[in-house]
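Peer 1: This is the structure I want to talk about, given as structure tokens.
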Amino acid sequence: MSRKYFGTDGVRGKVGEFPITPDFAMKLGWAAGTVMAASGTKEVIIGKDTRLSGYMLESAMEAGFCAAGVNVALTGPLPTPAIAYLTSTFRADAGVVISASHNPYYDNGIKFFSNTGTKLTDEQELEIERLLVSAIEGGAMTCVASDKLGKVRRINDAAGRYIEFCKGTFPNSLSLTGLKIVVDSAHGAAYHIAKNVYRELGAEVISINDKPDGININEHCGATHMDSLQTAVMIHEADLGIALDGDADRLMMVDSKGQVIDGDALLYLLAKSAQQRGEQVSGVIGTLMSNLGFEQALANLGIPFKRAKVGDRYVVELLKETGWRLGGENSGHLLMLDFTTTGDAIVASLQVLRALLESGAGLADAITELNMFPQVLINVRLNGNAAVGLSHPSVSDAVATAESALGNDGRVLLRKSGTEPLIRVMVEAKDAVKANQYAELIADAVRAVFPA
């Protein structure tokens, strides 16, 4: 059975349109609860970000789980990695996050964590889908006996527990005293958490975009819109800036000069710092989107590098397969398995700050030897079958032309987004003009297949 609803990061879409409806959410809760109950599940934890639609979907998921005989514990707005952590520490059987991460407020999504705080396997998601399809298409949604229904409770100290966990990943011998940091919480799930973590560790914190109203999440702010953070760092003459996305699993940073430091650069800094401390860095996992310059810089340190499919779940899978501990995406999902089971922007930022304090260097100076290849990414809106566009002869010809011209001095990647109706065209080259030229060539070929 192929995937019908689960993308690279759970189920996601526009609120009010199938599948992000209360009816679907209830049936998904029931299907997941039924699968989990069969293996002994007694309780799941449900968290969410700050989207207005989170209330509706949370209630629907509750009903579905309770109908399947599974108890529910609610946390309120919390970062995605906080739910992964709490699922494990509370000995819950599974965790659920209601969030569309970096997407606008009118989108939402639902994703699951296992009892170890890791994302569900493909096999588990397919089993949930099997029951879900039967409930949607055949109406086969049953309810357990009245005395077996699930109950709902609220975890009142969830945020405080997670703050202490984050602080616990930072060495006791170090302090952030003397650092001025601007923090952009994207009006998202970490709005009441991130600033307090850094303050309690001694930093002077200027907090921006920390007043969620249900519809301003990720709106011209956070890890996908860095302008406001860059401006704030310069205005306040801060040492650096930290940007999270709506569910705080993605990290981007800004140096004291207002320059953006992306996930590849941060991952390089983390690997180099660990190596300098004498820790064994067996290798680093990136993705198909990771920059060639990043790969070459790791090679100069003697650190092996492998690419996973795009999506943090696939980075985790390859980390487990190789036994390596460090990986991530240039978009800012950073995986540090010595500390967390999933991407955690706050924890990752603390390890970057640790690296800077130990080296005595500023953020820009700490990565001077990293020479990134110019990378051009063009998103083409999809209004048809992606497979048709990706395999169309004219598109294949454009890709072949670009690859032949670039040779070993560049890369071409063409793929369908796992979270949005887009085909992503990425071209990387030593020469920025060539990168842009061939990205436009391929994008034009894709647009011709899917005219607006």
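The backbone N, Cα and C atoms fix where each Cβ goes, and this holds for glycine too.
Remember, it's a predicted structure, so these values are computed and weren't measured experimentally.
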Peer 1: To which of Ser101, Ser391, Ser394, Ser396 does Swiss-Prot also attribute binding of Mg(2+) at the site defined by Asp245, Asp247, Asp249?
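Peer 2: Looking at Ser101, Ser391, Ser394, Ser396, the one Swiss-Prot places in the Mg(2+) site next to Asp245, Asp247, Asp249 is Ser101.
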Peer 1: C-alpha of Asp245 (Mg(2+) binding site) to C-alpha of Ser101 (active site, phosphoserine intermediate): distance in Å?
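Peer 2: About 7 Å separates the two Cα atoms.
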Peer 1: In sequence order, which same-chain residues at least six apart have a C-beta under 8 angstroms from Asp247 (Mg(2+) binding site)?
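Peer 2: Residues satisfying the criterion: Asp49, Pro79, Thr80, Val97, Ser99, Ser101, Gly188, Ala189.
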Peer 1: Mind giving me a neighbour count for Ser101 (active site, phosphoserine intermediate)? Other Cβ atoms within 10 Å of its Cβ, every protein chain shown.
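Peer 2: Around the Cβ of Ser101 (active site, phosphoserine intermediate), 31 other Cβ atoms lie within 10 Å.
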Peer 1: Is it possible to get the count of other C-beta atoms within 10 angstroms of the C-beta of Asp249 (Mg(2+) binding site)?
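Peer 2: Within a 10 Å radius of the Cβ of Asp249 (Mg(2+) binding site) lie 32 other Cβ atoms.
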